[in-house]
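Input: a single structure, listed below in C-alpha cells.
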Amino acid sequence: MHEWALADAIVRTVLDYAQREGAKRVKAVRVVLGELQDVAEDIVKFAMEQMFAGTIAEGAEIIFEEEEAVFKCRNCGHTWKLKEVKDRFDERIKEDIHFIPEVVHAFLACPKCGSHDFEVVQGRGVYVAGIMIEKEGEA
C-alpha cells in the first residue's frame, strides 16, 4: 500500500506540472528512488501506469533511478554506504525503515566510532527528477 501512496504523489506532481506548462501529453517521467526507502519499483510503476490511464500521461515512459544511501557521522565525520552494513538488518527492520526511514538511527551506528548521531547524506526519499512533456504544435 505504501508504494501506491508514493505513486499517487508522483502522478499528482507530474499531472500538476504538465497542466501548469500547458502540455498536450507527458512523454516521460524520471523518478529517483532512495535506496534507504527500499521501495518496490515494479509496484510503483504498475500503480503509476494505472493512475496515468485516461490522462495526458497515459503511455508515458517511466524511468527509475536508484540513489545509493550514504551516511555521515556527526561525531567523527566518517562516511559510509548502506550496502556496507545492510546485512545487519533482518526483514522486520527493513520493513520498519521502509515505512519510517528516520528509524534507521535506532538500528544503525557509525561503523568507525559507534555513534548513532549521523545524517543521511543521500538516498533517503523518492522524488521526481524530470518530466518530459509535449506542447501543442510540437512533435
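Cβ from N, Cα, C; glycine included.
Features as listed in Swiss-Prot:
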BINDING   His2  Ni(2+) binding site
BINDING   Cys73, Cys76, Cys110, Cys113  Zn(2+) binding site
Cα-Cα distance linking Cys110 (Zn(2+) binding site) and His2 (Ni(2+) binding site), given in Å to the nearest integer: 29
Sequence-distant neighbours of Cys110 (Zn(2+) binding site) in its chain (C-beta under 8 A, six or more apart): Phe71, Cys73, Asn75, Cys76, His78, Trp80, His116, Phe118
Neighbour-count leader, CB within 10 A, binding-site residues: Cys73, Cys76, Cys113: Cys73
